[in-house]
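Novice: Before we start, here is the structure in question, set down as structure tokens.
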Amino acid sequence: MEDIIRIIQDGSLDGEKYFQSLKERQGKENAEIIKTVKFIIDNVKENGDKALIEYTSKFDKVELQSIEVTKEEIKAAYSKVENDFICALKTAKENIEEYHSKQVQNSYVITKENGIVMGRTVRGLDKVGIYVPGGTAAYPSSVIMNAVPAKVAGVNKIIMTTPPMKDGFVNPSILVAADLAGVDKIYKVGGAQAIAALAFGTETIDKVDKIVGPGNIFVAMAKKSVYGFVDIDMIAGPSEILVISDETGNPKFIAADLMSQAEHDTLASSILVTTSKELIGKVIEEIKLQVEGLSRKEIILEALRNFGAIILVDSISRAIEIGNVVAPEHLEIITPNPFEYLNDIKNAGSIFLGSYSPEPLGDYMAGPNHVLPTSGTARFSSPLSVDDFVKKSSYLYYSEKALRNVNDKVVKIAETEGLTAHANSIKVRFK
């Protein structure tokens, strides 16, 4: 494990090559995958539930009579998971609810003289679809992170799709999370076919207004394909963490945090930017020690070799500059007073301050959303929030007197733009 992770001196050619490799790691879109996804979407649009059942048989090796999860199945799921897990999920849900409730925006109205009234209405979307990866790899945290903000936003109906396990049932931890989070309907459908069903509807599954949730490359391509017919949250890239630390950082903690993201997949990037040469050696030793006890050891090691890096810089301010260029999904600041640097962080999905605010805390429990922009998109994108589940409409009312007061001005602008019918719409009211 000698070359466990690359070490880069800031300003070197190695650094430039490394950052270029991060940009290129997802590669080009696969034409065969795009073709397959298009075929699946068209098939679901044409054949509805029949296509869903056939794809479940083909891809999940499960023969289903019905794709809808029953109330009895949801009730039975509670007996199949530990009480401690249920308790933990309830606490997480409460924290996520509390955090997201602060994001709620209210409608407003402005009244002016001469009978002018204008304002904005804010209302939840009618129907939202949540995609949750299923099978043996269950992620109940994805359920609550997507469903709770939708619920807080006032979404009328939340529909969830997730592939069944080999026994034809949905993973019980997923069902419990969905029930606690207030999901209204759950269907045993996965892959691109689930996205197609949510986007266009079938005999059983309602067409939704927005689709959220993570998935594999087929799910991602399907979401991209249906965007415009429905809204989507984002196309997520590989997981990322960038840790900024000085010499006071605990190497055990830093090594553990870097590996927590590396275990996602071999394209994940784990980066430490530090001012301390001594810390580098200690972190590498800790990685070697800790990785031996981890179930996803091979994935972690490959991710660290492929896209991991430790960058030596001469100051924390330079480390922050690098962080702002990378615009990582997760950014940790491990210094004696991390709050002094908070306002300097311009580009990051979520920021974790101090030694006892590790990234997995945000994944599961604290309250901020774990659905975050990746691949540098934190430069212009934000974490999933209540705002993603609402729509806003503006409205206005002018009395005759109010319109007469601005009549000439409106006409002048319309005529300058050459839109005479616009101008006529105003003029005709005062002839």
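Heads up, the Cβ atoms here are built off N, Cα and C, so glycines get one too.
According to Swiss-Prot, the protein has these features:
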| type | residues | note |
| --- | --- | --- |
| BINDING | Tyr131, Gln193, Asn216 | NAD(+) binding site |
| BINDING | Ser239, Gln261, His264, His330, Asp363, Glu417, His422 | substrate binding site |
| BINDING | Gln261, His264, Asp363, His422 | Zn(2+) binding site |
| ACT_SITE | Glu329 | active site, proton acceptor |
| ACT_SITE | His330 | active site, proton acceptor |
Novice: Around the Cβ of His264 (substrate binding site), how many other Cβ atoms lie within 10 Å? Please give the count over every shown protein chain.
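Specialist: 17, counting other Cβ atoms within 10 Å of His264 (substrate binding site).
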Novice: Taking 10 A as the limit, how many CB atoms besides its own sit near the CB of Gln193 (NAD(+) binding site)?
Specialist: 28
Novice: For the binding-site residues Asn216, Ser239, Gln261, which one has the sparsest Cβ surroundings, going by other Cβ atoms within 10 Å?
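Specialist: Comparing Cβ neighbours within 10 Å for the binding-site residues Asn216, Ser239, Gln261, Asn216 has the fewest.
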Novice: For a quick check of packing: other C-beta atoms within 10 Å of the C-beta of Tyr131 (NAD(+) binding site), how many?
Specialist: 28
Novice: Sequence order is fine: just name those binding-site residues in Ser239, His264, Asp363 with a Cα within 10 angstroms of Glu329 (active site, proton acceptor).
Specialist: Ser239
Novice: In whole Å, note down how far the CA of Gln193 (NAD(+) binding site) lies from the CA of His330 (substrate binding site).
Specialist: 31
Novice: For His330, His422, listed as binding-site residues, tell me which one has the smallest number of other Cβ atoms within 10 Å.
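Specialist: Fewest other Cβ atoms within 10 Å, among the binding-site residues His330, His422, is found for His422.
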Novice: Using DSSP with the three-state reduction, classify Gln193 (NAD(+) binding site) as helix, strand or coil.
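Specialist: In three-state terms, Gln193 (NAD(+) binding site) counts as helix.
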Novice: Among the recorded positions Glu329, Asp363, Glu417, which residue has its Cβ surrounded by the fewest other Cβ atoms within 10 Å?
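Specialist: Per-residue Cβ counts within 10 Å for the recorded positions Glu329, Asp363, Glu417 bottom out at Glu417.
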Novice: Give the sequence-ordered set of same-chain residues, not counting Tyr131, Gln193, Asn216, with Cβ within 8 Å of the centre of the Cβ atoms defining the NAD(+) site.
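Specialist: The surrounding set, listed in chain order, is Pro133, Thr161, Pro163, Gly190, Gly191, Ala192, Ala194, Ile195, Gly215, Phe218, Val219, Ala222.
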